[in-house]
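Features reported for this protein in Swiss-Prot:
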BINDING   C226, C237, C240, C242  [2Fe-2S] cluster binding site
BINDING   C287, C290, C298, C301  [4Fe-4S] cluster binding site
REGION    28-158  region 'N-terminal SAM-like domain'
REGION    159-217  region 'Linker'
REGION    226-242  region 'Fe-S binding site A'
REGION    287-301  region 'Fe-S binding site B'
MOTIF     287-290  motif 'Cx2C motif 1'
MOTIF     298-301  motif 'Cx2C motif 2'
Amino acid sequence: MAPSFVTIDTTPDFDMAPAPSFQPMSTGSPSKRTLLLAPPSIATQEEKLRDLFTAFDRSTTDLQMLDRISAGFVSLPANTYDHILVLTDTDGTRRSEALHLLTRDVYTALVPCMKAGAKLQTQDNFFGEAEEREAVLAGLIKTDAGFEKMDQPKSFAIPLRRNGKKKDAAKTETFAPAPAPAPPVQPVTVGMINNDDDYENDDDLIDEDTLLSDEDLKRPIQPPECQPKPGRRRRACKDCTCGLAARLEAEEQAEREKADKALNVMKLETEDLNELDFTVQGKTGSCGNCALGDAFRCAGCPFIGLPAFKPGQEVQILENVAQL
């Protein structure tokens, strides 16, 4: 029987050391901090959260919800993060949900917490047009991988010095300058006023007679036409010079002549009044047989049914009976 060999395992069954961190973006220094911005739907998936903290070091990584930052429930520390990653999934599954929450209020809260040179990215490297515009308005610079916060130049005050040459020249001069001679005193005289002077320049720059040529003077001046107020009838002015009064008068005259012609059509001649005017003596009706004094009339007489009467005699009809 061959001898048996027994080996002893000295490795611990449970290792307390943290798992090696895997960072998608090489930070170059373990002290750089990363901020993960997650949409609200990722909070219900424990496997996604577990995978995130296996890929990022917990000691240098913070996780915040986009909806809480947008509502103002979270205050981020200023000038802290070197990398901000928006969790949209590598295939862009949560892109619309995450980018919808990247409003101006969120950018206002993110930019102060970013260090100079910090980067803002998404997992699928995609930003919409509205998100890019808000990022640029917030002060970020667009790069190939996302957006970056540029280093703000330091401002310092520069003291302004006065020109010292004048002071040095003033110090070297020890003598007082000689006083300038006083101007001679003019004697007081009485001024004369010329009333004929019109205080105008006699030199005319433009001759007003040459402004209009002979052709301009011969050209008729067309006055503006009188326009009535809205909702009112067109009427000519009292001293109308545009021709509107004459035009309206001609229109009225034409309408008057037209009305007179219409009246003349219905006017009866003297011969046509025989049947109507009973005062005409020696006239017969249109039948040519019966006169006013005839007691018996023919069938075609217009006076049929009327008794004999004299010219000028008044005829009254009472109860369908002629009364002479």
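Indices start at 1 and increase along the chain as displayed.
Using N, Cα and C of the backbone, Cβ positions are placed for all residues, glycine too.
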Other C-beta atoms that fall within 10 angstroms of the C-beta of C301 ([4Fe-4S] cluster binding site): 20
Least Cβ-crowded entry, counting other Cβ within 10 Å, from the binding-site residues listed as C240, C290: C240
C-alpha spacing of C237 ([2Fe-2S] cluster binding site) relative to C301 ([4Fe-4S] cluster binding site), in angstrom: 61
PLDDT averaged over every residue in the region 'Fe-S binding site B' (287-301): 71
Rounded Cα separation (Å) that holds between C242 ([2Fe-2S] cluster binding site) and C290 ([4Fe-4S] cluster binding site): 65
Minimum Cα separation from C240 ([2Fe-2S] cluster binding site), reported as the residue among binding-site residues C287, C290, C298 that achieves it: C287
Among C237, C242, C287, C298 [binding-site residues], residue with fewest other Cβ within 10 Å: C237
Secondary structure content of the region 'N-terminal SAM-like domain' (28-158), with strand meaning DSSP E or B: 49 helix, 29 strand, 53 coil
Whole-number Å value for how far C237 ([2Fe-2S] cluster binding site) lies from C290 ([4Fe-4S] cluster binding site) (Cα to Cα): 63
Helix, strand and coil residues within the motif 'Cx2C motif 2' (298-301) as assigned by DSSP: 0 helix, 0 strand, 4 coil
Distance, C237 ([2Fe-2S] cluster binding site) to C298 ([4Fe-4S] cluster binding site) (CA atoms, angstrom): 66
